[in-house]
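Q: This is the structure I want to talk about, given as structure tokens.
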Amino acid sequence: MFFKKFPNFSPQTVCLLKKPNPPAAASQEPAPRPPPPPRPGPAQPPRSYAPRSEVREMKVWLLLGLLLVHEALEDVTGQHLPKNKRPKEPGENRIKPTNKKVKPKIPKIKDRDSADSTPKTQSIMMQVLDKGRFQKPAATLSLLAGQSVELRCKGSRIGWSYPAYLDTFKDSRISVKQNERYGQLTLVNSTSADTGEFSCWGQLCSGYICRKDETKTGSTYIFFTEKGELFVPSPSYFDVVYLNPDRQAVVPCRVTVLSAKVTLHREFPAKEIPANGTDVVYDMKRGFVYLQPHSEHQGVVYCRAEAGGRSQISVKYQLLYVAVPSGPPSTTILASSNKVKSGDDVSVLCTVLGEPDVEVEFTWIFPGQKDERPVTIQDTWRLIHRGLGHTTRLSQSVITVEDFETIDAGYYICTAQNLQGQTTVATTVEFS
């Protein structure tokens, strides 16, 4: 086994490796020759001592025996001698083996496959400062009323949203322009009523149809602080809030000072309504939010704000519980007359009874539409109080045809649509 593992090793090699050096005084003398082998003859008596050559041969075989035992132990235990305890074979790997544990290298996040990750939203809004400087606006900004604001959003097609107060009255203080590489919104002579969220987004368009690019947006909520105004002004002194069990109700007590402390109060019986996070929460961008409205929340409420040693009370809000179930519009249609003579006038009325705070849109199809027959269409709505705090919204659309002719005879079709769906009704008007 030993000579199979070390093919270039022989007993003579062992003898040469282990042969002791002769004494210095005898270094010039030739080595003695071994005695000739004995000739065949009668048996010789045993010698009393062994010659030097036999001693050397016994040492060699003893060394070989020890090496063979050591190799057998290696095969059993799998252990090896240290590097400096055995000779190296030609071509043997001289790298010292090690049992050191190495942690597997984990690729960095940027090297991993991110094909399944959702695209990150990129903020495209910048605020223009004086002297041509730009900065990314914070989530909330506090400015003094009277200051001008200029916002830019990068993109060739940008959509904008800003406080409804500015949009409702078509205020000339705000302007929106689209340049080649960015959209621009400018507000001058700001007031506390302009407090609210200003946002923009990129638009992905195919022909005349555009949709919002959710990955490219920007927004900031701006507080316009004005002396003597802690609340965002309301257009009226008494607002109505409808309580619908199917969705949240908001008492819009928004403030113009970020640090203001706001509380909600009931007028009768007089008490504070806690914003406990379960039934009612306060959102500075919306107001007090009723998470699950019910009939017990009805009544008159108001808000109180405190900031900088000043205190102010908001307008009053009437909370009304809505009894009308949500769903597509409940629609009826009625003509002033179903048989009309030539030259007479005719009107067709489309009516919807629904939730007080749900708007309804009407569309018409009538016989003279393809021939561009002139008609008059008028949409109106009003609230009907049914007692016990229950209120209904009455929405109507009327189409009027003057100087009735043969081309005007046929089906008059009305479609009413709200957030829950649409309803279509029709009636006929004949030529008499």
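Quick reminder: no glycine exception, Cβ is built from N, Cα and C everywhere.
Unlike curated entries, TrEMBL annotations are predicted automatically.
Okay, so TrEMBL annotates it like this:
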COMPBIAS  31-45  compositional bias 'Pro residues'
COMPBIAS  97-107  compositional bias 'Basic residues'
DOMAIN    119-200  domain 'Ig-like'
DOMAIN    329-432  domain 'Ig-like'
REGION    1-51  region 'Disordered'
REGION    78-120  region 'Disordered'
Q: For the domain 'Ig-like' (329-432), how many residues does DSSP put in helix, in strand and in coil?
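A: The composition, in the requested order, is 6 helix, 63 strand, 35 coil.
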Q: Run through the domain 'Ig-like' (119-200) and tell me, per DSSP, how many residues are helix, strand and coil.
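A: Here the numbers are 11 helix, 39 strand, 32 coil.
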Q: Averaged over the domain 'Ig-like' (329-432), what pLDDT does the predicted model reach?
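A: Here the predicted model's pLDDT, averaged over the domain 'Ig-like' (329-432), is 88.
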